[in-house]
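Feature annotations, courtesy of Swiss-Prot:
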type	residues	note
BINDING	127, 130, 218	[4Fe-4S] cluster binding site
MOTIF	52-57	motif 'PP-loop motif'
């Protein structure tokens, strides 16, 4: 190998390392901001990270472990995988990976695959039943492990897709919440990747070379409604760059007085002569003011205040 080739290889390696460092910092920042905005993790928490073997959950676990090293509070992490007994599932991959990184883990074996195949007719989607079964098992496991938070790997794109799924097929303005409490009040579920782009997660997963396990039960089903919505959003993103970011911002800027749900806003109670603080009234007749700024902002150039010493300020329990 001549000197010019060696120099070119060195420059390429430096560029790859630089880009990976930027990507990791962006994911750390987005996860840290989501944790802070929604008070997802507090001092003394035991976070159960649900690991499926897909790119999202691997990235979630990796970033949380990374943040844990510099967090100003103490919290524990335990990784949990639900082995659903799908035919051909490589049972050795996750235990070997988790042992290699030295994280506490538990593999839960439940034949939900057999139940789903028995209950759901051939050709029908299995997602709904499979999801309910998994949820019950994971809630039970969290209780057994003494986990105070259950972390799932859903990201920003998942939340947007769910919003449109519910509008198109369910007639509801509803998405995935970044944080929720179970119906019985015993479990808190968090989604620390809520601010993360799927594109970033995909790149990070490839760079880290996670041992990905495909979901043959879900991913192989044709004509899923979620896949239709995903492709629609991807098309919009190609045709109108920046629209995905704008739509996600809309989920964080909701004006209840300009929707049509009387259970959330007292339309009947509006009387002439009233002046309501914080409610847009005749502004509704004005032409919308669109800020004159680029649709896409380079996230690497954004400045975010992480508190003292550049660390994310997790809320501490008093």
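Any Cβ shown, glycine's included, is placed from N, Cα and C.
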Cβ neighbour count within 10 Å of residue 130 ([4Fe-4S] cluster binding site) = 20
Remark   = Around the Cβ of residue 127 ([4Fe-4S] cluster binding site), other Cβ atoms found within 10 Å total 16
Ask   = According to DSSP, how is the motif 'PP-loop motif' (52-57) divided among helix, strand and coil residues?
value = 3 helix, 0 strand, 3 coil
